[in-house]
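Student: The structure that follows is given in the form of structure tokens.
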Amino acid sequence: MTDRSPFETDMLTLTRYVMEKGRQAKGTGELTQLLNSMLTAIKAISSAVRKAGLAHLYGIAGTVNVTGDEVKKLDVLSNALVINMLQSSYSTCVLVSEENKEAIITAKERRGKYVVCFDPLDGSSNIDCLASIGTIFAIYRKTTEDEPSDKDALQPGRNIVAAGYALYGSATLVALSTGQGVDLFMLDPALGEFVLVEKDVKIKKKGKIFSLNEGYAKYFDAATTEYVQKKKFPEDGSAPYGARYVGSMVADVHRTLVYGGIFLYPANQKSPKGKLRLLYECNPVAYIIEQAGGLATTGTQPVLDVKPESIHQRVPLILGSPDDVQEYLACVQKNQAGR
């Protein structure tokens, strides 16, 4: 059935994994339904991404989304897929998408207790050149008895119940955490199922790669400039860090998780509040990185401690191996002390 052996009789699929986690937590099954619906959407998006050129899904849809990005045709399709799958899971009450200006409130007859924040297709500016892209999501419980509203999504990342991302690269991968470490699943095309490939992934304490868009060096603050200089021209005589930057956050974050090192999208003169969105970009990946033993910071506080004020709020993001992030924070503190 798969290429790994003639026939596997006891494989741990992601569907089975999600059901087992729900059983262990003695839950109602609502989160299980929700995660399985999210996975169905991810499989459908994966299929659409693979067929995009043939189905004329490349190119621009002719609109700009609420955060100022050009909307690609695949973005529109992916957004509709995720919204429809999540609402038909009967487990959500509020959805926040990068593509929608307002929060989406699930109809009463389909309503559940979970809030989902997601970016249906992160890195979609890379679609036309076939670079890796992804889907990112974070799931929260509704904490009030009030009628659902966008306020239900304004929770710090510490409240996340489950989070993950899908990476549509040379294969389709899902990284998922329900608060007990990070597990990686690969889509087996022969089965149409995600199969566990790595359990309880841990990030290296220190890496050898730094990842940021150096094209913005003109706008960097003193701390970022100093840190990058240290990585390129180490004062202790050690080898310089390698530079890697795809420009698709899911791809850059996943490489950082697997190989170690640091990913930076700091505030700069052009984007003083940062560029990446807190609810559906920064929080989910910060949660995954922390669950894997890494650190994720805005430069002034852990990303997961930020109390959101609006659903499309932007924050700086620096994440990766703990020693590397601490070294960056030391540069920040040194430059603040020197002011």
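Positions of Cβ are set from backbone N, Cα and C atoms, glycine also.
Fair warning: this is a prediction, and the values are worked out from it, not measured in the lab.
The AMP binding site annotation in Swiss-Prot covers V18, T28, G29, E30, L31, T32, K113, Y114, R141. Taken from Swiss-Prot, the feature Mg(2+) 1 binding site applies to D69, E98, supported by similarity to another entry. Positions annotated as Mg(2+) 2 binding site by Swiss-Prot, on the basis of similarity to another entry: E98, D119, L121. Here Swiss-Prot flags D119, D122, E281 as Mg(2+) 3 binding site, drawing on similarity to another entry. The feature substrate binding site is assigned by Swiss-Prot to D122, N213, E214, G215, Y216, Y245, V246, G247, S248, M249, Y265, K275, with similarity to another entry given as support. The feature phosphotyrosine is assigned by Swiss-Prot to Y216, Y219, with similarity to another entry given as support. According to Swiss-Prot, the feature region 'Important for interaction with ALDOA' maps to 3-10, an assignment based on similarity to another entry. Here Swiss-Prot flags 204-208 as motif 'Nuclear localization signal', drawing on similarity to another entry.
How buried are the listed features, and what sits near them?
Tutor: Secondary structure at K113 (AMP binding site), as computed by DSSP, is strand.
A simple way to gauge crowding: the CB of E98 (Mg(2+) 1 binding site) has 25 other CB atoms within 10 angstroms, across all the protein chains here. According to DSSP, E98 (Mg(2+) 1 binding site) is assigned to coil rather than to any helix or strand.
Its Cβ taken as reference, L121 (Mg(2+) 2 binding site) is surrounded by 31 other Cβ atoms within 10 Å in the chains shown.
Annotation note: D119 (Mg(2+) 2 binding site) sits in a strand segment as assigned by DSSP. Within the same chain, residues at least 6 positions away in sequence whose Cβ sits under 8 Å from that of D119 (Mg(2+) 2 binding site) are S97, E98, T135, I136, F137, R277, Y280, E281.
Y216 (substrate binding site) falls within a helical segment according to DSSP. Sequence-distant neighbours of Y216 (substrate binding site) (same chain, 6+ residues apart, CB-CB distance under 8 A): N268, K270.
Y219 (phosphotyrosine) counts 14 other C-beta atoms within 10 Å of its own C-beta, drawing on all protein chains shown.
Confidence for the motif 'Nuclear localization signal' (204-208), expressed as mean pLDDT, is 98.
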Student: Inside 8 A of the center formed by the CB atoms of E98, D119, L121, which other residues of the chain have their CB, for the recorded Mg(2+) 2 site?
Tutor: D75, S78, N79, S97, E99, F118, P120, D122, S124, T135, I136, Y280, E281
Student: Name the residues of the same chain, 6+ apart in sequence, whose Cβ is under 8 Å from the Cβ of V18 (AMP binding site)?
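Tutor: Spatial neighbours, sequence-distant, of V18 (AMP binding site): T32, L35, N36, L39.
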Student: Same chain only, please: residues at least 6 beyond the ends of the motif 'Nuclear localization signal' (204-208) with a C-beta under 8 Å from a C-beta of the stretch. Say none if there are none.
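Tutor: Distant Cβ neighbours of the motif 'Nuclear localization signal' (204-208) are 239, 241-242, 256, 259-262, 320-324.
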Student: Count the other Cβ atoms sitting within 10 Å of the Cβ of K113 (AMP binding site), across every protein chain shown.
Tutor: 17
Student: Would you list the other residues of this chain near Mg(2+) 3 - those whose C-beta lies within 8 angstroms of the C-beta centroid of D119, D122, E281 - in sequence order?
Tutor: E98, F118, G123, G134, T135, I136, M249, V250, L276, R277, Y280, P284
Student: Would you mind reading off the Cα separation of V246 (substrate binding site) from G29 (AMP binding site), to the nearest angstrom?
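Tutor: Cα of V246 (substrate binding site) to Cα of G29 (AMP binding site) measures 38 Å after rounding.
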Student: Can you count helix, strand and coil residues in the motif 'Nuclear localization signal' (204-208) using DSSP?
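Tutor: Going through the motif 'Nuclear localization signal' (204-208) residue by residue, I get 0 helix, 0 strand, 5 coil.
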